Amino acid sequence: MTYSVKEIFLTLQGEGGQAGKAAVFCRFSGCNLWSGREQDRAKAVCTFCDTDFVGTDGENGGKFATAEDLAAAVEAQWTGGPDDRLVVCTGGEPFLQLDDAAIAALHARGFQIAVETNGTITAPAGVDWICVSPKADAPVVQTSGQELKLVFPQEKAMPERFAALDFERFYLQPMDGPDRDANTQLAVAYCLSHPQWRLSVQTHKYLGLP
């Protein structure tokens, strides 16, 4: 298949259980919960997305004809040695495109594969780290993984709805925007009274990283 990628870049993971680790981010174009166009936001399933995943015009983005081409583009951004290679496949919704061939090609180049998904599509075999970020009106079919990261608060997606799922770690991430400070205080209070949940702060935004 041809892979449509918005951007590929090296940074530090800013969120969740792998925060602070060097990683190549591979942002796939397209999502099944929103078109990515502002005129469609009000009727989208996910209305608070803060990411541009439309098209292939971002840094090192493009259309890649084969899984090998995609893996080579990811590897080209890695500046470390052969060990501890990490690629974070995100979007949009990466499982619309990330397939067995791409997983095999990335593994062949020594990358651990982490994925940030909305959880509406079952993960293919071989993904090393699954982070599910549920959205209020979307079903969660990927019910296990390394972490569940819930943007908080969402009126129709409160933490107790997901607390019994089979994840190793549970994170609340304050919703960004004009109410971020208030949302952060709400998340802190919830974590204090529900210790199963940990606070995830978008540290890359505070540090000015992509």
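Placement of Cβ uses the backbone N, Cα and C atoms for every residue, glycine included.
Keep in mind that this is a model prediction, so the values were computed, not measured.
Residues CYS46, CYS49 are recorded by Swiss-Prot as [4Fe-4S] cluster binders, and the candidate that the same record lists for that site, out of CYS26, CYS31, is CYS31. Of the residues proposed, ARG27, ARG198, the one Swiss-Prot records at the same substrate site as LEU12, GLN13, GLY14, THR90, PRO210 is ARG27. In terms of C-alpha distance, the listed binding-site residues GLN13, SER133, PRO174, MET175 place SER133 closest to CYS31 ([4Fe-4S] cluster binding site). Within 8 Å of the centroid of the Cβ atoms of LEU12, GLN13, GLY14, ARG27, THR90, PRO210, where the record puts substrate, the same chain has further Cβ atoms from PHE9, THR11, GLU15, ALA23, PHE25, VAL88, HIS204, LEU209.
Using a 10 Å Cα-Cα cut-off around THR51 (Mg(2+) binding site), the binding-site residues GLN13, GLY14, GLY92, SER133, PRO134, ASP176 reduce to GLY92.
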